[in-house]
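Over in TrEMBL, the protein carries these features:
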REPEAT    253-287  repeat 'PPR'
REPEAT    288-322  repeat 'PPR'
REPEAT    323-357  repeat 'PPR'
REPEAT    358-392  repeat 'PPR'
REPEAT    463-497  repeat 'PPR'
REPEAT    498-532  repeat 'PPR'
REPEAT    568-602  repeat 'PPR'
REPEAT    603-637  repeat 'PPR'
REPEAT    638-672  repeat 'PPR'
REPEAT    673-707  repeat 'PPR'
REPEAT    708-742  repeat 'PPR'
REPEAT    778-812  repeat 'PPR'
């Protein structure tokens, strides 16, 4: 509010016999200085109005302020006859011989009990009075309340109270001791830097600008305080401005120069700091150790070691001894640059000068060695530290932990961390994380879990990447309950595992077959507000598909949509693949159409899943059409797609088409692998092209693809079909020469080949070799050998083999039973056969017939409740017995 617009009340005559008015001047906040008293003249609209009042009013104010004790009733009576302007004029005139604390009390009663609003200049006058009398505490409190707006003062611009106070104090500096003015400026600036720090340094800067624009400055000490406060709070641009103003208005001392140099260095303006340093020396201001250290710090920060060491030598020449801080900065820079030998030299120089390194320097050196994994050197420095009587602290231990982890010494890192916890040392989150990570790397997940729990108990938040690694590791080791417990612990502590970590746990549970537990975790994620995404659902859908629960998988997809998560291409790929594997090709094609209708761009895996399903459903032409559509969409087929089609064509005997696909994949830069060749070899062998298949094996080796047992087994099978048993034997020997061991299928194929050729003896030899090598025959192996025995009429051998089967625990399949039955002569009357078998058993004790009887009843048991199967068994066994048992009259 502009005081010039106030109506000036008429002079109030307190005592009627006194008529002579007193002339004075009103202060206006727009003025830059105090206007001198004016002579009484006719009022003019272009000039401020005069304040006229009775001389007795002047005496009354003086009397109240100079004659304690102060009475609130008297003060109230006085103030009712005064305007703020009138009081301001009288107070300014008489303040110098008043007692400050009396006046302070008067203001307190007047503003508080009487509700009188004093002028801001009146408060500033009181402030100067308090400062002049060394009443600094009440002066400070008064100033805080004034700027805070806690006092009922008449401000011209309430939003800029601090500026108005600064301007008034600047103007009042002309009417009294200038030393008091400077002390008042100091108080104001210091208060703005501390009391009003929470609103930023704009308040302090506004005050400084207002004073400096009038050629007024706080003391150099306060200027240094303002500058250092700005630098400390990283208000570097403001600090540059303040120093620029000071440099033009006053002669900076060493402290101001040192602070400014520090500001320039902190802001990365080292070249300007160097210029300022030289200017300082030229002006005759002698740098002290702080000045040198500030500039050396800036040079080290810029890795300008050469200039830093030159400056260190210069300070020694100028009689300024480097301090421990000087050496600490140089050593720190050397360690960061991995100049370890030079750092040792500086350390020795310190010792020669009698400066004992402190824990900061030792920790700097230890940390430098640990950062590059030189843990042995770091430990040696730690030992040297101990010999000097300096105990390692938290910083030392945290650095050593980092070093141990760097070189993968998990046990030492774990032991040191345990020791820190035991002794109550402060462990930083980085040390916990480093130890947990190195333990996880070494698959020591239980130990890692213990430290993660310790972090959580200390209200430290493990990073999500670390939690994901730990939970994944626990799941891989089968410790799913511990992983789930950790997830819930995080939830209880309000940390909550994020989506990626939660997905890792769901994946681990699904991989272990704990699908229902994973579903329960999904529900808890949703209820707890943990974000779920398509990956969460896709993992579960994939698990349901692997279990064969397609209905559950599709229900999950519906739930996914309800949660506002659109199924993505991965969702469709998983479902398409499982539908194809299950032979539900019609449903797969419907899902395929749905995927494309939603505008989802199909990828190579989508096409591959559908092609695989079509091939399994023996719809090769449709699969080939999809393949060509994929090419038209600009998708390059991969090895899996080619192998799927090649395998399907080979199974159908269309080797020619398979070879075309092989050539096509080569033209696209995709090299056939062992799966490609095994399919081709199998296809050629099945249609009798054994020589071509054999040539393929030679071609594989030339291309650097090593044939495996599958390739050789397919080739042996082809030879066996052609009855080329000698060639089969030579191929088997070739396998051994290439260190490829035949497996169960290889032996079964060659045993079957010999049995088909009627060479049961050789078949038995391979069977014995197979067992000797520790390869357990299965029901198929026993089946083909049994058929071979029966075909040759070696019934005893067949049933002897059955005895072996009963001891191995391998269950016979229906094929084996049917083979035994169908290869014996037929006859119609079953019961007569059974009766004859029973008689023979009683009379001769023949174990053969006991086995036949047992075989019959076992076959009936295996047939179960299936009536058709039972009839087949009964009929077959009847024929078996009729042919086997001669019926007497």
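Quick reminder: no glycine exception, Cβ is built from N, Cα and C everywhere.
In TrEMBL, annotation is done automatically, which means it is predicted and not curated.
Here the repeat 'PPR' (498-532) has long-range neighbours at 464, 467-468, 471-472, 474-476, 478, 480, 483-484, 487, 491, 539-540, 542-544, 547, 563, 565, meaning same-chain residues at least 6 beyond its ends whose C-beta is under 8 angstroms from one of its own. Panel annotation: around the repeat 'PPR' (673-707), residues 639, 642-643, 646-647, 649-651, 653-655, 658-659, 662, 665, 714-715, 717-719, 721-722, 724, 727, 738, 740 of the same chain, lying at least six beyond its termini, place a Cβ under 8 Å from a Cβ of the stretch. If one looks beyond the repeat 'PPR' (253-287) by at least 6 residues along the same chain, the residues whose Cβ comes under 8 Å of a Cβ in the stretch are 220-221, 223-224, 227-228, 230-231, 234, 236, 239-240, 243, 246, 294-295, 297-299, 301-302, 304, 307, 315, 318, 320. Residue counts of the repeat 'PPR' (673-707) by helix, strand and coil are 26 helix, 0 strand, 9 coil (DSSP-based). Per-class residue totals from DSSP over the repeat 'PPR' (708-742), listed helix then strand then coil: 26 helix, 0 strand, 9 coil. Mean model confidence for the repeat 'PPR' (638-672) is a pLDDT of 91.
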